[in-house]
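Step one of this worksheet: look at the structure below.
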Amino acid sequence: MKSKNEKKRGTSATKGGPKGKKFSLKNDPFFETESKKRRKMDYEDDDIESGGSEEEAEIQGASDGNGGEDEDENEIEETPGEIRKRVATELLDKMRAIARKEKEGRDGDEEVEEEEARDSLVAKILQQEQLEESGRIKRVVASRLKKPETADGFRVMVRHRHTVTAVALSDDDLKGFSASKDGTILQWNVESGKTERYQWPSEDILKSHGAKDPRGRLKKHSKSVLALAVSSDGRYLASGGLDRHVHLWDIRTREHLQAFSGHQKPVSCLSFRQGTTDLFSGSFDRTIKYWNMEDRAYIDTICGHESEVLTLDCLRKERVLTVGRDRCMMLFKVLDQSRLVFRPPPTSLECCCFINNDEFLSGSDDGSIQLWNVLRKKPVYVVKNAHALLPAGQNVEQKGSENIPDNCLENGDHKIEGYNFSSTYSWVSSISVCRGSDLAASGAGNGCVRLWAIETGRKDIQPLYDVPLMGFVNSLAFAKSGQFLVAGVGQEPRLGRWGRLPTARNGVAIQPLKLL
C-alpha cells in the first residue's frame, strides 16, 4: 500500500509540469515569499535614479514622434491664466494711452511723463474702477446733480408703434436697444438717434436655431418681447418674450444666432452677469435659468418662487435678485445653492435692482419704494406714496423736491385725503440705480419719473426732482457714466392691459443729467 501511494503522489506531482522535469515548489508563484507590492515598495525605498539611456530615449522618441508633429502643427490653445494675462496687458496699454493723452492735452509740447509715473496713474485708475465695480466705494452723484432746466422733461428719441416693454444700454453708453409688444427690436445711436431694426428670421430658420414648435392653437412663434439684456463686452443681445424662448442676437451684424428653449411659459426678465457672458432668465413658470452664451449652453435651473417671476437683476457676483407675484423677493447665491427670502409689508412687488452687493431697492403696486439690506428680512426704509395721483387723474406739478406730497415721512401711514395711491397709474413699474453711485430713479403711470438720493449711512431715500413724462414708464436705464437717463414708455403697462393712456407716446425718451 505504501509503495502504491508514493507512486500516486509522484504522478500527481508531475502531472501539471512538463514531461521529463521534476516539479519544484520554489518555481510555483503561489509560494513566493514576497509579493509584487512589497518588491515595488522596496524599489521606491532604494532611491535608484534612472539615467535615461540613449536607447530608451530613442524608443520614447520613436513612440512619441507622431504626437510631437501634431502638436507643432496645431496651435496650442490659451490657458485661462494666459487669457487673463493678455486681457490685463491690453487693459494696461489702453490706460497708458489715456494717461498719455491727458498729459499731452495739459502740457502741449512738453515731454510725456516717465514710465513709472504713467504706471502709477494707471494703477490708480484701475484701482478706482475695481472698487466702484465691486461696490466697496460709491460715487457721490445725487448731491452734485443739477435740477433739469427744460420744462418739457424727457425728449422722445425713438418711436415705436406699440408699447415699449424694455430698454438697455451698452457699457460704452454709445448704443441703445429697445423692444415693444409687437416684437420690434431697435438698435439706436445715443447721440444721433439713428435707428436700425433687427429682422426676425423665418420659422424654418428659427427651428434650425433650436426653437421648439409653438404650443396650443398658435401656428407661429409669438414675436412679442418683454425683456432685453446686453452683455458687458457688447457682442450679444438677449431677448425674451411670449414664445417661451431666449433669443440670442449678434450686435455687430444684427443677426439671430440661436434660440434657447427650456422655459414652459413666457420669459419675463433677463440679465447678464457683469464682465461675463453668463445670462439669467426669469419666467412665468416660476423658475430662473442659468445660461452661458459664449458656449451656447444651459447650466442650471434655480427654483424657489411660488408664482410668476417678474423682474431680476445681477451684478458681478453669481447672485441673482428676483421678485415675483408670490409677494416676496429672493436673493439666490448660485455657487452655494442657497437663497435669502425677503418679505415686504402686505403688498405685491413689481420691480427690483441692486445698489451694491449688500443693498437693493424694490418697487410695489401700492406706490411704495423699499430700501433693503442683506442682513435684514424686512425693509430698512419705506417711501410710501412715491408716485401719487390727484383725484382728477392729473399729475402733481413738481417744481422741486419741496412740493412732493407726503412722501418724505418715514415709515408712517399717510393720511392725505383726495389722493389716489392704489390706482394702476401709481404702481411703481420700474426702478433703476446708476451703478456704483447714490442716484436712483423710479417710474410709474402718473406722468413723471422721480429721481432719488440713496443715503446708506442714514438708511433712507430722499426725493430729488421730478421729470415730466406722460405714459407708463415700463423700463429705465442709467448711463454708466451717469450723464443721461433712458426710459421706455408706452400707453399700456408692460405685462398687461389693465390701464391705458391714449395721449402717451410709445417710444424711448432720454433725459440728460448735468453734474456740478
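Just so it is clear, glycine is given a Cβ too, placed from its N, Cα and C backbone atoms.
Under the heading compositional bias 'Acidic residues', TrEMBL lists 43-58 (among others).
If you look up TrEMBL, you'll see 67-80 (among others) marked as compositional bias 'Acidic residues'.
Annotation source TrEMBL lists compositional bias 'Acidic residues' at 107-117 (among others).
Taken from TrEMBL, the feature region 'Disordered' applies to 1-88 (among others).
For 98-117 (among others), the entry in TrEMBL reads region 'Disordered'.
According to TrEMBL, the feature repeat 'WD' maps to 157-198 (among others). Here the repeat 'WD' (157-198) has long-range neighbours at 222-230, 232-234, 237, 239, 241, 249, 251, 254, 256, 472, 474-481, 483-484, 486-494, 505-510, meaning same-chain residues at least 6 beyond its ends whose C-beta is under 8 angstroms from one of its own.
Counting residues 6+ beyond its ends, the repeat 'WD' (218-259) has Cβ neighbours under 8 Å at 165-172, 175, 177-185, 187, 196-201, 203, 205-206, 209-212, 265-272, 274-277, 279, 281, 283, 289, 291, 293, 296, 494-495 in the same chain. For 218-259 (among others), the entry in TrEMBL reads repeat 'WD'.
Residues 133, 210-212, 226-233, 235-236, 238-248, 307-316, 318, 320, 322, 324, 332, 334, 495 of the same chain lie 6 or more positions beyond the ends of the repeat 'WD' (260-301) yet place their CB under 8 Å from a CB of it. According to TrEMBL, the repeat 'WD' annotation covers 260-301 (among others).
In this model, the repeat 'WD' (360-382) carries an average pLDDT of 92. Annotation comment: TrEMBL describes 360-382 (among others) as repeat 'WD'.
Here the repeat 'WD' (360-382) has long-range neighbours at 313, 321, 323, 329, 331, 340-345, 347-354, 388, 410-411, 421-422, 426-431, 433, 440, 442, 444, 452, 454, 459-461, meaning same-chain residues at least 6 beyond its ends whose C-beta is under 8 angstroms from one of its own. Here the repeat 'WD' (360-382) has, by DSSP, the following mix of helix, strand and coil residues: 0 helix, 12 strand, 11 coil. Across the repeat 'WD' (218-259), the DSSP tally of helix, strand and coil residues reads 0 helix, 22 strand, 20 coil.
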